[in-house]
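> Got a structure for you, written out below as structure tokens; questions coming shortly.
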Amino acid sequence: MKLEVNLKQNPYDIIIEKGALKGVGQWVKSLWEPQKIALITDNHVGGLYAEKVKLSLEHEGFEVVVFNFLEGEASKNLKTVNKAYEFLIKNGMTRSDGIVALGGGVVGDLAGFVASTYMRGIHFVQVPTSLTAQVDSSIGGKTGVNTPSAKNIVGTFAQPDGVLIDPNVLETLGKRELIEGMGEVVKYGLIDDPELWQLLDNIDGSVHSILENSETIIYRSCNVKRKIVVEDEFEGGVRMYLNFGHTIGHAVEQTAGYGKVMHGEAVAIGMVQISRVAEKKNLMPQGITRQIAEMCVKFGLPVDYEPWRVEELYTALTHDKKARGNSIKTVIVPEIGKAAINQIPLVEMKEYLEK
């Protein structure tokens, strides 16, 4: 399966194919001339796949160096970025060389940020290994790292030269790591794809069902994001729809402590909680919050978080990139398969969170 991201300046393809990881070297060679490659990964994914990917790349004539960092959201910061810069400098990486991001969303976000800023930008590709990364973060060119005060507050827009997705690697994920990716999948069904929502409604929510339908789930999710990114690369309009559930979700991730609530879990919480607010304001139809919550629960996703620290959540919301003065742009779902943007006063948001 192939999806074309037909951007005017940086078009690229998304390849979705079971077993594709075996041919990663040939795929990269179809994009780049043989050169030096920095393979950026974390200690967990690296232990599973780094050597195989390195050998595949070397077989095609690439010189490969591997940068490993400690897995998890807590590593997605400027300290790790600086270590990566020093590694690239030490290994003589130039602007004609490239980066291969091998891992989940943390690896992809960090490696993309490093690639887009090292020497003012070098080429990179994404090889996502988690469901969250395969359906969401590897596509669209958003890169970024966290600070103690806010998630993804430091970042760039930088498109990869390609994305290679092998659904087979999902079989090595733990149950929680697989299920959290369904938070983003549910989001795609809600904002733009009622057929995807229907598929999710029809399957039983088990790990087996997710893996059995993984190619279709990944393809439909990627296609939603592809369409939106092509229409609005730099988030001037409809790309905001992709943030459904993320406003409160990011606040939950931050206040809980990075890594304690996984990203897809936080998105699920955020979707349910913002829908609850929107229902109370009559911006969404009555009963839709219950539908969203039931879908999330079916896949084992959380819909609430304890302890619910309103003051800390409110402070996090004020630091959100979507905050404008005394209000914040939020995404709502007036009906399944359709999204809209609404401006909610921050004080009002706080009042709803307290109830």
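Glycine residues also receive a Cβ, built from the backbone N, Cα and C atoms like all the rest.
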> Per Swiss-Prot, which one of Glu171, Glu184, Glu195, Glu335 shares the Zn(2+) site with His246, His263?
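The record-listed residue among the candidates is Glu184.
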> Ser75, Ser130: which of these binding-site residues has the highest Cβ count within 10 Å of its own Cβ?
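When each Cβ's neighbours within 10 Å are tallied, Ser130 tops the list.
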> Below 8 Å Cβ to Cβ and six or more residues apart, same chain only. Which residues does that give for Val107 (NAD(+) binding site)?
Ile40, Thr41, Asp42, Val45, Ala101, Ala133
> Measuring Cα to Cα, how many Å separate Ser75 (NAD(+) binding site) from Glu184 (Zn(2+) binding site)?
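Computed Cα spacing between Ser75 (NAD(+) binding site) and Glu184 (Zn(2+) binding site) is 22 Å.
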> So which of the binding-site residues is most packed in, judged by how many other Cβ atoms lie within 10 Å of its Cβ, out of Glu71, Glu73, Asp109?
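The residue with the most neighbouring Cβ atoms within 10 Å is Asp109.
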> Quick check: of the binding-site residues listed here (Glu184, His246, His263), which one has the Cα closest to that of Glu73 (NAD(+) binding site)?
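Checked the binding-site residues Glu184, His246, His263; minimum Cα distance to Glu73 (NAD(+) binding site) goes to His263.
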